[in-house]
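Residues annotated as active site, proton donor in TrEMBL: Glu247. Taken from TrEMBL, the feature active site, proton acceptor covers Glu444.
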Amino acid sequence: MALTFRSPTSFLSGVDSGKPHKAVDTDLPPISVALGSTRAGRRVRAKVISAEAVAPVEPRTAERFHRNGGPCSGARGPGCDRRVPVYVMLPLDTVGMCGGLARARALGASMMALRSAGVEGVMVDVWWGVVERAGPGRYDWEAYGELVRMAERHGLKLQMVMSFHHVPLPPWVIEEMNQNPDIMYTDQSGRRNPEYISLGCDTLPVLRGRTPIQVYSEYMQSFRDKFKDYLGNVIDEIQVGMGPCGELRYPSYPESNGIWKYPGIGEFQCYDKYMMASLKAAAAAAGHEEWGRSGPHDTGHYKQFPEETGFFRREGTWNTEYGNFFLEWYSNKLLEHGDDILAAAEGIFRGSGAKLSAKVAGIHWHFKTRSHAAELTAGYYNTRHHDGYLPIARMLAKRGAVMNFTCMEMRDDQQPGHANCSPELLVRQVKEAAKEASAELAGENALERYDEAAFSQVLATSGADEGIGLSAFTYLRMNKKLFEGENWRHFVAFVKGMTEGGRSVSLPRSDWGHSDLYVGSVIGDRKNKDKFVAAL
């Protein structure tokens, strides 16, 4: 018996554009599910998948990671459970701009496959621009309610991301931006970035009488009230968005319109009037009013390299008294922003049973230079002489939030030499910072990868080689390529390896070559596709 579900393809592939070198999201494809029989004469119903459906994997153990500060969170010793649960990110447009759940039947079939492979759960963006699109305080949770119930039916957990960045933003917020452009991040040339509201106005009533922190808080309160019966069971994690792509950082390397190109150093984002007022006050407090008149003048441009600038070169301005002042101010503003939002989230979700998390970007290019220029412009004061990740880890630990870090699949020898990359050293530093701060650490891959080498690197990284292992791993991303034969085999083996404590696992061909469940792509329905575009 075969069931074929048709659905349109993605039309929001650009919403992740601020993320460096992340493959274009092809999103969830139309799904073809072939359901045969597990043994001769016995049918498998569409609503039930046996253990043999994809590849035989061990059932989930009753023993789970200790949640919310338990003895196995953070640094895990040899006596702790080494199991690392795997989650999978859903397509960016799982919930469309008009609030509907896209391709629901195909999504359900894919969830069945993921569950059979031993996946713990899925991650989904809960878009501010979709939920509060009708006006301030008018929330539409219907599509997300449908998604939560679907995940529950399939036995999957949910990581739900409070996504306050561009998808686009709510129409009424965009109106405010048009009237007051200074609520957008601004670079030294006066170029505005509409992806996320500038943290310079976090505590100012710039959104129709409410501050951004109030708006984010009321959004999360409404979410809590709507889904209180699912928090701590189906919804086991709330990731709090804090910047572009949901990450705690400044939008220093925007890829849209060719403004930035990898591996450029990016630019500081502190030139809106609210950030400049803060800088002026900080300079006066430091006894150097002249330092508050503008940002650094010798930082170069988005696409340049460190040695092409006065600020970031080997013995540049970054390593002076002024450079230290500016970088401390710039990074502390980001830390305060993260702490303020997490403080609100901590109060809202306290006692719900759902853990909090926050995402930190894996900016690995120019890591081998003294100044770490690309990290500095993003707000991470991490140089040859200064640890930029320990303060972040301490802030997250204080709020009981998991530190979710990217680029876990990358190896140094896979990077271009001219970019001075070292994702492996970066991950090691972050793991050490998490250990010292007693912060729980989780991971993601930064690029869309399906090969055994990438999965093997994650398996190696997930171990406690620096005294801290990963508490969870979220795979980017569910789309038609993931379910293709060889890719699916690698993924199933990877999930099995993570659930067995980081062991490399190779499944015998008999375990995957003749599966009763096949998930693949079919030709899309052009008519439905056109209707979906028109609806947007």
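Including glycine, each Cβ sits where the backbone N, Cα and C put it.
Quantities reported herein were computed from a predicted structural model and do not represent experimental measurements.
Cα-Cα distance from the residue listed as 'active site, proton donor' to Glu444 (active site, proton acceptor): 12 Å (rounded to the nearest whole number). Counted within 10 Å of its Cβ, the other Cβ atoms near the residue listed as 'active site, proton donor' come to 24, all protein chains included. Listed in sequence order, Met89, Lys359, Asn404, Phe405, Thr406, Met408, Phe473, Thr474, Tyr475, Leu476 are the same-chain residues six or more apart from the residue listed as 'active site, proton acceptor' with CB atoms under 8 A from its CB.
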